[in-house]
Amino acid sequence: MSTVAAYAAMSATEPLTKTTITRRDPGPHDVAIDIKFAGICHSDIHTVKAEWGQPNYPVVPGHEIAGVVTAVGSEVTKYRQGDRVGVGCFVDSCRECNSCTRGIEQYCKPGANFTYNSIGKDGQPTQGGYSEAIVVDENYVLRIPDVLPLDVAAPLLCAGITLYSPLRHWNAGANTRVAIIGLGGLGHMGVKLGAAMGADVTVLSQSLKKMEDGLRLGAKSYYATADPDTFRKLRGGFDLILNTVSANLDLGQYLNLLDVDGTLVELGIPEHPMAVPAFALALMRRSLAGSNIGGIAETQEMLNFCAEHGVTPEIELIEPDYINDAYERVLASDVRYRFVIDISAL
């Protein structure tokens, strides 16, 4: 066992504080990682504030982890000391169900072991990337291509794969009309990835205040949803819509933006259920779907794609003592577009 510094939430109402946690010694199949950077995800905030259920306090958040291998177990074959690696949203799964055997471990039937706020197979709570080091089974570690700087690679492990997976699953590419609802941490990755895949990307946002950013990031067009005329102009105009926001929406308005056989994919998690108008689905054979991060192989594919196409998130690098301020700014939508913690300053 080793002791490392970390930032943890002790309750739903207290700010995160600096503390120490223990990490297991690497087993035969484990990789020990010196964490260099950790992204801040809105999921971190939902979890520590107990908005998605009661956490196992203390909680060390962070599932966008980039670092360097410091040691490997005796039977590790994929990595060696000095390799640049990442860890995403989960660190283990059952490896036996039909989700795991198909490479979509995020949908593990018994439940994946998440990077934090889960109970690992050793019976101990998992703790995330707001810490100096982590030990992970090699099968749940990602290789970060050399051309990707570690700080911008970190948010790809959640924000990147959350958008890449549905874009790939619903075959976004040339001659595909894709709309991204929301231009935040997730949405800006949807624009960049969709454009890199060759899709015709449109941003749908409440106002036009980020229009310049949206077009610079690769969108072909940008519309304000606060303007009722937007929904008339764009009716039937998209093959795929990815909803990255967590606010409750009038689903009927957005479903009517889809062409025949179009799909609206929910990526955000609204606080309250939303009504689904059956006519908007049935009359044009539209679909309403959801998507959640991606499997290990697909996440590696995404990293390689980003390296090949020069796709990286736009980040604001912060020191650990700024985490609580960063949380407040995320809640105020005051970041363009992802916070990344410099763990070397921990």
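Cβ from N, Cα, C; glycine included.
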Please state which member of Cys158, Cys306 Swiss-Prot lists alongside Cys41, His63 for binding Zn(2+) 1.
Cys158
Write down the Cα-Cα distance for His63 (Zn(2+) 1 binding site) and Ser2 (N-acetylserine), rounded and given in Å.
20
Where His63 (Zn(2+) 1 binding site) sits in the secondary structure, as DSSP reduces it to three classes:
coil
What does DSSP assign Cys100 (Zn(2+) 2 binding site), in three states?
helix
Residues flanking the Zn(2+) 2 site, with Cβ no more than 8 Å from the Cβ centroid of Cys94, Cys97, Cys100, Cys108 and excluding those residues themselves
Ser93, Arg95, Glu96, Asn98, Ser99, Thr101, Glu105, Lys109, Pro110, Ala112
Based on Cβ atoms within 10 Å, give me the single least packed residue among the binding-site residues Cys97, Cys108, Cys158.
Cys97
